[in-house]
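A quick write-up on the structure given underneath.
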Amino acid sequence: MRNFLDKIGEEALVVEDEVSTSFEAASILREHPRDLVILKNLKESDIPVISGLCNTREKIALSLNCRVHEITHRIVEAMENPTPISSVGGLDGYRSGRADLSELPILRHYRRDGGPYITAGVIFARDPDTGVRNASIHRMMVIGDDRLAVRIVPRHLYTYLQKAEERGEDLEIAIAIGMDPATLLATTTSIPIDADEMEVANTFHEGELELVRCEGVDMEVPPAEIILEGRILCGVREREGPFVDLTDTYDVVRDEPVISLERMHIRKDAMYHAILPAGFEHRLLQGLPQEPRIYRAVKNTVPTVRNVVLTEGGCCWLHAAVSIKKQTEGDGKNVIMAALAAHPSLKHVVVVDEDIDVLDPEEIEYAIATRVKGDDDILIVPGARGSSLDPAALPDGTTTKVGVDATAPLASAEKFQRVSRSE
C-alpha cells in the first residue's frame, strides 16, 4: 500500500481532529466520496484510518499501470495469464501478539449497523482437498475482541468451509487489511476455484509480488498493514447485520459463520484501511471485476465488443453499458442477452456504438435520445431472477430486466454520424 501512496502523488485529505470510530469517522468519509482520506486521531485507537484508495477508476488504472478505458482489458489479461508467486518472506517489521480487535479502529458506519465492521479485510484460505489458496474480500462484523461474524456467499470460500465442516473441522484462515489497490482488486476477480487470486495479482505486479508467511496458520499473504490469523469455526453461526450494501439500503440479517482469531501482526506505523459501505470504493471493488466477465461473454457473441462498464449510477452492479462495432442488425439485442446471462444481477443494459464513450453518462443518454425507437429497440424480460441487493425485486427474488439497443441502424448510418466527431 505504501508504494501506491508514493506513486499516486495525490495530496490526501488529512484530518488531525480527534474523531470517534462510531459514526463520526464514516460521516467524514461520506463528505469526501472521491478523496483519499486519512484520519490521524481516533478516540478508540492509536492506528490511523485510511480510505479512498480505490474510489475512482483513475486510481485503479494507476495501480494497474494502464489508462482508464483499458482497465477491463488489463483485468482480462491478468485472469487469463496468472503468474506463479516466486518470493515469500517473513514477518519482519511487524509486531505480533494475541489477536485483540479492540486495538484496531474498526468503524461503525450507520446507525442501524449490527456492530462495527471490517470492510477491507481479505480472507485467505486453502481448499481442504487440494490445498489451493483462495483470497476474497468479505464484510466482517465484530462480535467480540477476538470473534467476527462473516458474510460468506456461495462461492469459493463457502465451498471450502462446506468441505471442512463435512470433516468436522475448522477452516484455517488469515485476514489481510491494508494492501495496494491492484492486489485488492485481484481478490475480487471471478476465476476458477482451482486458480489463485494472488497469481492474478502477481501479473498486475509484473511478477514482482512478494508474500509473507504467517506464523500460526499455513498461509502466505501480501505484506498488508495488518494481518490476523484464526479459524472459521465448524458448525457455529451468529446473527450478522444489518449492513448497508451497494444500493445504499440495508441488507437482511442472516445467520453467518463465525471467525475465532488467535494472532495479530501489525506493521510499524500501520494504517487501517476502511471502505465506506455504499461508497464509490465499495461499489467499484465489487462491481468492476464483473466487467471482464460480461466482456468475455459478449465477445463470444459479438467479437467486435469494445468496452463494458457497470455504471456508478447503477451502483456498479445493476446497470451496464456496452459499446460495440456493429456488424449486422440484431447485434445489439444479442449483446443484451449475453450481458444479462453473464451477470445475473444485471437489471438494465444499454448497448451503444463505438463512437459513444461508455464511461460518460451524458454520452449514453445521447445515444438513447438519438438512436432508440422504443417499440423496436427495447427488450423487456419479466419474471427473471434478479439481485438480492435490488430493493425493487419481488420477495421471490425475481424482477423485470430491460435491454436498450441504442445502436444506429446500419442502413442509415450516415444519418446518425456525429458532425463533431467527423469534421
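Residue numbering: from 1, along the chain as shown.
Positions of Cβ are set from backbone N, Cα and C atoms, glycine also.
Model, not experiment: these values are computed from the prediction.
Pulled from Swiss-Prot:
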type	residues	note
ACT_SITE	D245	active site, proton acceptor
BINDING	N134, E197	Mn(2+) binding site
E197 (Mn(2+) binding site): secondary structure state under DSSP, collapsed to three categories: helix
C-alpha spacing of D245 (active site, proton acceptor) relative to E197 (Mn(2+) binding site), in angstrom: 24
Spatial separation of D245 (active site, proton acceptor) from N134 (Mn(2+) binding site) - C-alpha basis, Å: 23
Cβ-Cβ distance under 8 Å to D245 (active site, proton acceptor), same chain, at least six residues away: D251, P277, A278, L389
